[in-house]
Ligand SMILES: C[S@@+](CC[C@H](N)C(=O)[O-])C[C@H]1O[C@@H](n2cnc3c(N)ncnc32)[C@H](O)[C@@H]1O
């Protein structure tokens, strides 16, 4: 048996002890959960119902981490993974699980988070699937570390379960094909170059080709609207599902009957601009000055004269809205951390008749949902979208209406 690391805690299992365990369910991180005499053992890349052999590498206070050694009885939902580095690359968690089960698992995850975090039993609609399950990502950012003795080692993504170690990625099957062509060239250039430091390579696929400079202008169309943005700035990176995703949020906002729309955390104006034909006025707010400048530009190139955008912390928006909350709908799409308490306080004081809350992190969305309920908002439709097939990530849109 291998030598345990210096700080290894030997209870309840020995280092590298092998166990045959039955997987009960999956964590939100995509790990299999087994119980050995009530003690939880996490087994990555194992699926519910499977009997697997695992090898313990760490015992925590009340659970253990293991590696998967062998699948003894596979799940009927197990499929062959596509990527050569699946299981070592930290990018994808679910290539071994059939797509219908991936999305059902994500739907259940939202339902369980609603139950446990927001203490609400509420129906969650079936996940709206991505039209492409591979080859969908429009942006990848492979990285390499500072070369050692002049030798550049891995160029790729973080190794699973680590914060610094890399895995060499020659091809990323969830990325759009043109990004993989560009990746081959970028890898060759990095190896041929005389890099002294580590670096992150930007590869962004847009209507105007593959862009590699963060300040290059990317062009993308969503429905009938044209968007320009800096290649290094935020833009939703599954263009195939975007029309349906944005269309849904706009339909929900419009159904409120409100005349005015506030687009908070608006980036380069995606939701506000797509919704603008449905409203008398759209006011957006975004902290990134380059993104918000593009939002104003995007309104102009689409011939929209009823939009204005503010470069500021989202909290500043309410002082700028000349309309009453009862005639206004707010779309919010914050970063993973969710909304700040100050933003929510001001939002509740403004009291919009409807809020469409778009989130890429259901845990912070649930945290905020508790405050919405306390502020007198009713939860309506909960609609997840699978923007990121093969990965643990999910996007969820919740509609919240003010009790009258
Ligand atoms: C998930 S992105 C959404 C962008 C846009 N709605 C879209 O779909 O393209 C979140 C955006 O919030 C912006 N942001 C982060 N913190 C902010 C803050 N405190 N106030 C305003 N915007 C913020 C980020 O720069 C980013 O553009």
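Cβ coordinates come from backbone N, Cα and C, glycine included.
In the predicted model, residues of the domain 'TRAM' (12-70) average a pLDDT of 96. Marked as domain 'TRAM' by TrEMBL: 12-70.
Its own atom aside, the Cβ of residue 333 (S-adenosyl-L-methionine binding site) has 21 Cβ atoms within 10 angstroms in the protein chains shown. Marked as S-adenosyl-L-methionine binding site by TrEMBL: 236, 265, 286, 333.
The active site feature in TrEMBL is assigned to 360. Following the DSSP three-state reduction, the secondary structure of residue 360 (active site) is coil.
Annotation source TrEMBL lists active site, nucleophile at 360. On its own chain, residue 360 (active site) has 335, 336, 387, 393, 394, 395 as residues at least 6 apart in sequence with a Cβ closer than 8 Å to its own Cβ.
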Pairwise Cα distance maximum in Å, S-adenosyl-L-methionine-binding residues per record: 236, 265, 286, 333
15
At a 10 A cut-off on CB-CB distances, which of the binding-site residues 265, 286 has the highest count?
286
Near the Cβ of residue 236 (S-adenosyl-L-methionine binding site), how many other Cβ atoms are there if near means within 10 Å?
20
